[in-house]
Amino acid sequence: MGVALSRAIQWSSDADKLEDSPLNNDLLTEILLFTEEFGDRHPQEARLKFSEPLQWKTTLEASDFISDLYDIREESVMSLGYDDNRRSLLQLSPPDITVYSFYYLSNLLQLSKDKKMKEVQSCLEANREPMKKIFGPRSPSIHEDELFNVLQQLDEKLLSIAVRPIAREGRLSPAAVDIEVDLLKRFCGTGENRVLKSVRYTSDYVFSNGCRSPPWRQMDGEICSLIIETCDTEPTLFITCNTSGVFLDEEINGEGGENSNRRKSEVYKDLVTLLKNMSTHFAKASDEKDSAIQDVPSTEKTLHVETVDAEETGQTLKSYDHEEKNVLEKARQQLARNKPGGRKKKLEPSLKWKNLGLVSPYDEAEEKARKSRESKRILEYGTKSPASENKKKSNFSGSSLPGCHSSQKIKTPGGADDFSESSSDDEEDEEQPERRAEAATDLPSEYWQIQKLVKYLKGANQTATVIVLCSLRDFNLVQEMCQLAIRDVGGLEVLINLLDTDEIRCKIGSLKILKEISCNSQIRRTIADLGGLQTMVSILDSPDKELKCLAAETIANVAKFRRARRTVRQHGGIKRLVELLDCVPDGVSLSKEQERDVEVARCGALALWSCSKSTWNKEAIRRAGGIPLLARLLKSPQKNMLIPVVGTLQECASEESYRIAIQTEGMIEDLVKNLSCDNQELQMHCASAIFKCAEDKHTRDLVRQYGGLKPLVVLLNQAENKQLLAATTGAIWKCSISMENVAKFQEYKALEILVRLLTDQPEEVLVNVVGALGECAQKSENLAIIRKSGGIKPLVNLLTGTNQALLVNVTRAVGACATDPENMVIIDQLDGVRLLWSLLKNPSPEVQASAAWAICPCIENAKDAGEMVRSFVGGLELIVNLLKSQNKDVLASVCAAIAKIAKDVENLAVITDHGVVPMLANLTNTGDDKLRRYLAEAIACCCMWGSNCVSFGEAGAVAPLVRYLRSNDPSVHQATARALFELSKDPNNCITMHENGVVKLLLVMIGSTDEILQEAAASCVANIRRLALANDKAKYG
C-alpha cells in the first residue's frame, strides 16, 4: 500500500477524494478482499497494534456491530480487546471511528455488509499514507516483519492491477518484443556470417502480464530492457522497450530506481529498425537476409496474441508456478497453430444445443484457438488457469433481469487467497489436490458443450437463461469433468450472479446446478471465494419454500470446510437455519403445505449438520434455540428427517452443554428407539450420539432403563459396515463404564462377540472394542470369559501397535486380565510383560502411565516375578528414570510399579543403586492425592533395604509425609501411616515427625475402622514413644 497508493490510485482534481474510475474500483476491490480476509488468514499479524490508529468518518452505526467482540453503549461502540494502556482497539463515536489493528479492521468490514466499499474508500481518503500509520517512522520490529511482508505482497498485487493495460494500450506489446528478440537470437553466433554477437534480457523474470521491467517502471509503459552486442558498434547497446517504441539508454541498472536509465536516442517502432540505424553491419546483413527478417510479425499483427494473462486472471506479481506464463512460448504456439495443417477438426455442437436455435457468437477460428489453449492448460495444470475469464461478466446478470446488481461481491481467485503464504489457516478439512488430466485428448465432447452453454448463459435473456439452465441440468453434473467445465469457463460467477436476480425460475435453476456440483471440493472452495454463501444465506429469508430448501442444501454441501462454516455463522446463517426447523413433523397425515414445511426443516437440518463441525457454530445453534427444535424433530417418523437431525446432535454432543440438554430434553429415549430401525446410517448416528453422551453416569443409566443395551449388542453383528461397527462399539465401551451395564452385556453374551472383533478390524473399531473389554474386565467373573473366548492372545498382540489411543486401552485391558493368575500365565508365555515394559519408552505420557499401571498386577501375580523383572535388560533403570517425568499420572503409576518391584530384595537393591531414594524424596511436596498415595507406598517398600530409611530422612522426605495425614482421602492415610512406620525405625526421623505434630494426627488414625491403618499408626506412635522413653532413661537414669 506504499508505491501503489502513491502512484497507481487516481485522485480527484482537489486531491481529497478518490476518482470514480474503473482502475480505482479494481484497486479498492482488491484492498477490500485482502483486508476482509486478513484476520482469518494471518491471525498473528492481525493482532499486532498499529503505531497510530486509522481514523475516518464512517457510515456505520452501533446497530451494525452484531458481535460478541464489542461493548455497545447507546450510540458508541468499544471493542472488548485492549492494548497495554487499556485502550480499546476499536472505538466508534458516530461518525468518527478509530481502529488500531487489522483484526478489528477485518471484522469491521465483515459486519459492514453492503457498506464495505464505502468504508474502504473513506478509510483510504482519510489515511493517505497507511503504512506510516501502521509502522510509524521507525523500521518494522522483528514481530512486525511478517506483517510488513504481507503488505508488500498486497502492494505488488495492486501494482499488477495498475499495469494490466500496458500490453494492450501501446502499439508495442510484450509478446511482439519476445517474438522479435527470439528472431534476433537466431542471427547470433561466433562465425563470420553472424549478424549479431549476442542478445539478452537484463531480467529473466517474466511478470504475469508478459513484462520484465519492475512494476514501478511498468507504470511508465516500460516492457523490458535488453543488452545487444553488435559486430561493429562500441560500446554495447543498452536498449529499453516501451509501449511507445524502443530506444537507447545511457545506462541500465537491473535494480535501479525510477530514473536509473535515461533515453539518449530517438524512439523507433521496433528493434530491427533501431539496429539498422545503429549498426551498418546489421543493416547490410539484414538486407541480404531480408526474407527472414521480414518474418517478424508486425506490431499490429501480433496484438491478437494472448500476451497479457494478468488482464484475465488478476494474478499477483509473485512467482506462483502455476500462474506464470512464458509469453515467448505462447507466441510460438500461437504462430504454430496458424500454420497450414495446424488446425484440428472442429467439435460439432450437440443436437440438444442446435435445437435451442441459438448461434455461437464466436467465429470458427477463435473457437479453435481457444480450445487448443484450454487443452494445453488442462494438460499442464489439470484445469484451466484458476481465474481465467474472470473479467468476463454476464450481460444477463447485469441488465436482463430486474433487481440484479453488478457483482462487486464476487471475489476473484486471485484475490485475498494470494496473500496466504501457507495453508495453515486454509481451513480445508478434506480438500484434495486437483486432479491432472493425462492428456488433452481425454476431454470429452461434453466438456466443450457445457462451456458453450455457459457462454450463452452470460449473454442470454430471461427465457434463454432458463432454457440454458435446463440444458445444463441434462448433463451428468456428478461427473468431475462436467463440474470443472462449468468452473473453468467462469460459470460459477454467472450462477452466483443469478442468485441476486428477482426471477425465481433463474434462482431455482441456478441453485439446482450449484447443489449438484458443490459436491466437488474444489467447487465448494470456489463458491466460498466468490461470495456465494452470503447470497445463499440471504435466500433463506425468501418466502419461496423451494428456494429455501435448495439454498440450505447447497449450504450443506459447501460448508464442509472451516472457512465456509465461519462465513455462514458470521452472516447470520445459523439463526436462519435454526428457524427453518420450526415445523410439525409428527402428524399421521400431513397436508401439502406441511409436507413442504417438513422438507424445509430437513434441508435446514442438513445445513446445520455441516455447520455443526465448528465449536463456535455449536454454541450459535444452542443460542438460537436449536436444541428444543431438534428434540421435537427427533420424534419424526421420517428417516430422511431423522438422519440429519441425529447427525447434528451427535456432532454437537462433544459439548457438555449439549450432553446435558440431550438428557433433560428426553432425547435419549428417542435415540435408543432408533437403534432398532432398519436404516444403518441412522443407527450409526444414534450409536455415535450415545457414545459421546455416555460419559455421564445418568445417561448410561438412561440407556439401560430404555432398553438400549440389547440393540447395541445386536448391532455388533453388522461387522461389514465399519462405520456402524465403530459407533456401536464406542457406545458399548462408554456404557460399560457402569458395572450394572456390564452385567447386562454379560447376560447378552456381548463379551464373546467383542473378543471375535479383536482381529481384522480397522483401528477406530479396535480402540472401542478393547476399551469395552477393559471396562468389562474390571468385573472378576468376566476375566474367565475373556480367556475362554481366546481373547488374551489378540490383546497381547495389539501391544505391538503404534496407535496411542489403542495402546492406552490395550494396556488397561491386559492389566485388568493380569489380575487373574490363569490369565497371567498366558500373558507371561506370550511375553506380554516384556511388551508392556517396552511401552514405557513410548513418547506419549498416557501410554507410559497405562503401561506402568498394567505392569503392577503382572508383577503381583506372576510366578517368580523378581527374576522376571530382572531379566529385562535396562528395565529397572528405565522405570526409575520415569520418576523425572512432569506428568503426575505417569509419576503415580511408576510409584505404584516401584512399590511392587521393591518387594523383591534384589530388585530393591538394584533400583536403590539407580538413585530411587532421592528421586522419590523430591516428589514428596506434591499436593496431588493420587500421587501421594502411591508415593507413600513406594517409600514404605523402599525403606526395607539397607540405609534407605536414613537416606529418606536426610533427603527431607519425612516432614512432607506428615502433612499427607491431613488429606481427605482415606487411602492416602493408610499408605502414609505405613511409610511413617517404616521411617520411624530411624531415631532422627522420629524426632522430625514429633516436631511436625505427627503424634496428634496418628492418635486419630488409631481409632480408624481400617485395621491396616490402625496397626501402622499405632506402631509408628509406639516407635516414637520408645525413643522418648529411651531418651528419658538415658537422661535421668
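For all residues, glycine too, the Cβ spot is worked out from N, Cα and C.
Feature annotation from TrEMBL assigns region 'Disordered' to 362-441.
Residues or ranges marked as compositional bias 'Polar residues' by TrEMBL: 395-410.
As annotated by TrEMBL, compositional bias 'Acidic residues' applies to 418-432.
Sequence annotations record features per position, and here TrEMBL assigns repeat 'ARM' to 531-573 (among others). When Cβ-Cβ distances below 8 Å are used as the criterion, the repeat 'ARM' (531-573) is approached by residues 40, 66, 110, 409-411, 426-431, 492, 496, 499-500, 504, 507-508, 511-512, 514-515, 518-519, 521, 524-525, 579-580, 596-597, 599-600, 603-604, 606-607, 609-611, 613-614, 616-617, 620 of the same chain, each at least six residues removed from its ends.
Residues or ranges marked as repeat 'ARM' by TrEMBL: 625-667 (among others). Counting same-chain residues at least six beyond the ends of the repeat 'ARM' (625-667), those with a Cβ under 8 angstroms from any Cβ of the stretch are 578, 581-583, 585-586, 598, 601-602, 605-606, 608-609, 612-613, 615, 618-619, 674, 677, 679, 681-682, 685-686, 688-689, 692-693, 695-696, 698-699, 702.
Nonlocal intrachain contacts for the repeat 'ARM' (749-791), taken as residues 6+ away from its ends with a CB within less than 8 angstroms of a stretch CB, comprise 691, 713, 716-717, 719, 722, 725-726, 729-730, 732-733, 736-737, 739, 742-743, 798, 801, 803, 805-806, 809-810, 812-813, 816-817, 819-820, 822-823, 826. According to TrEMBL, the feature repeat 'ARM' maps to 749-791 (among others).
For 874-916 (among others), the entry in TrEMBL reads repeat 'ARM'. Counted with DSSP, the repeat 'ARM' (874-916) comes out as 34 helix, 0 strand, 9 coil.
Looking just at the repeat 'ARM' (956-989), the mean pLDDT is 90. If you look up TrEMBL, you'll see 956-989 (among others) marked as repeat 'ARM'.
DSSP assignment over the repeat 'ARM' (956-989) gives 24 helix, 0 strand, 10 coil. For the repeat 'ARM' (749-791), the DSSP counts in helix, strand and coil order read 29 helix, 0 strand, 14 coil. With DSSP classes pooled into helix, strand and coil, the tally for the repeat 'ARM' (531-573) is 32 helix, 0 strand, 11 coil. Counted with DSSP, the repeat 'ARM' (625-667) comes out as 32 helix, 0 strand, 11 coil.
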